[in-house]
Amino acid sequence: MPRGLELLIAQTILQGFDAQYGRFLEVTSGAQQRFEQADWHAVQQAMKSRIHLYDHHVGLVVEQLRCITDGKSTDADFLLRVKEHYTRLLPDYPRFEIAESFFNSVYCRLFDHRSLTPERLFIFSSQPERRFRTIPRPLAKDFFPDHGWETLLMRILSDLPLRLPWQNKSRDIRYIIAHLTETLGEDALPRCHVQVANELFYRNKAAWLVGKLTTPDGTLPFLLPIHRTDEGELFVDTCLTTTAEASIVFGFARSYFMVYAPLPAALVEWLREILPGKTTAELYMAIGCQKHAKTESYREYLCYLAESDEKFIEAPGIRGMVMLVFTLPGFDRVFKIIKDKFAPQKEMSAAHVRACYQLVKEHDRVGRMADTQEFENFVLDKRQIDPALMALLRQEAPEKITDLGEHIVIRHLYIERRMVPLNIWLEQVEGQQLRDAIEEYGNAIRQLAAANIFPGDMLFKNFGVTRHGRVVFYDYDEICYMTEVNFRDIPPARYPEDELASEPWYSVSPGDVFPEEFRHWLCADPRIGPLFEEMHADLFRADYWRALQTRIKEGHVEDVYAYRRRQRFSVRYGAISSTANSS
């Protein structure tokens, strides 16, 4: 290879990342117009398009590099020099941390995820002490109640870039003040002030105002979801001021926000104060930088591994028929491998399973489906694998594993947030906790269905409970669109003997689902059955599901709320409008 080619390659990769992030910002910047025009289908399409941008631009750069090198192989020393040149380009680069991840992605695409070492990749950042340099403009603006909270909130809402009229701004301000007074107390409120992010955070059918509420006792989140009526008038739906509420809004089971962030590291640092329970990976994920979030997630895993003497074990819960799941006892994530062979009743391929996981990545997860990170050639130290798990890996997924002596390489796996399996949770709780869990499960099914997702396998074992008590779906191998399912009523038995027969007396075609059958496995436990019948009996009726299908086919996009219905101002303080979207 001619000298100087290393610098050209390094510059080509960085220019490719510039192009990718420029398009990322371009798609993001259209969020306001999509919201104002209530173009909800365009919102969904933009979300998918933005996710695809990264891999598309990695592919473009890889093709450029193959042209530059004329398809010739490059030795290790050459690649190390490329990385050295790339590193020298980053000290004054505003998005250096994501540029490092982009370099990693290009390398992995070129070399098929082989030879992934710290020398060749940015497994750890080249600038670990650096956060960000001078910010060209402030990320947020401060508002003080010098003339009272009514004036302060009027200034905040009037400063928003939204071009739609307000339905009743004064009313919304009264509601916000009422909430703050209830939360903080009338005496404390005059001694508080607010800092509000300059950019709105768009997701689904809401524009979120994200801020920090500084009180005499510390800093709290200040979140206002702004919705629009069918007539195009704005209203504030609620006010959230606890870290738990903010954590759910920015949760791992939700779609990524569309927020204009030319300096994502600066925004992540700003958000950290009101989301103290979120890791760096989770914060990058929330603002849509999912590939860099994967890098940060892997770094968090390596740091945990370095400080722990735990062994990998099979994850608690009922063993899956498609996925082999393992974890570290104290780690908050699980590792999922597609088995080489599935149980006989699972008539599908590994490619189908991967397609299901990709569907979830691109779809609106409505707070009910866990996000995943996908890895190839994942290396584990044999000394850190429990013998029982090692035997299970060799039994269930031998084709996915390469033995390198002291290590094994897993060809493909997913990493996902660890939750308590719902079936285990239900065994351990009683009273109100049991009731809440059943209510959450039914709500999860409803919200997934309204978002055009049918889980397929609705057994409790396929759902998990988060630390906030929310029920989230995490087993995707039978997932499909609601519009692909044929929901049927079970025909009446022809003879009394029909109901005792081992085979159904009616024909069943692929795609047929009989909701009446859900009752057999969801209500078998006498503690659970009556609660389910009380709260979710309509889930056992085919006409309920067909009505949802009709709404979806007619183009209706349901509202998705990241908070309880009882927290909405319309419920707490009075009706907003007969035309406002309802939950």
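Cβ from N, Cα, C; glycine included.
Taken straight from Swiss-Prot:
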BINDING   A315, P316, G317, I318, R319, G320, M321, K336  ATP binding site
ACT_SITE  D371  active site
Among the binding-site residues listed here (R319, K336), identify the one with the smallest other-Cβ count within 10 Å. R319
Tell me the Cβ contacts of D371 (active site) under 8 Å, same chain only and six or more apart in sequence, or just say none. F252, A253, M285, Q290, V360, K361, R365, E416, R417
Tell me which of the binding-site residues P316, G317, G320 sits in the most Cβ-dense spot, judged by other Cβ atoms within 10 Å. G320
A315, I318, M321: which of these binding-site residues has the sparsest Cβ neighbourhood within 10 Å? I318
Taking only the residues the record lists as binding ATP, namely A315, P316, G317, I318, R319, G320, M321, K336, what is the largest Cα to Cα distance between any two of them, in Å to the nearest whole number? 15
Conformational class of R319 (ATP binding site) under the three-state DSSP mapping: coil
Based on DSSP, name the secondary structure state of K336 (ATP binding site): helix, strand or coil. strand
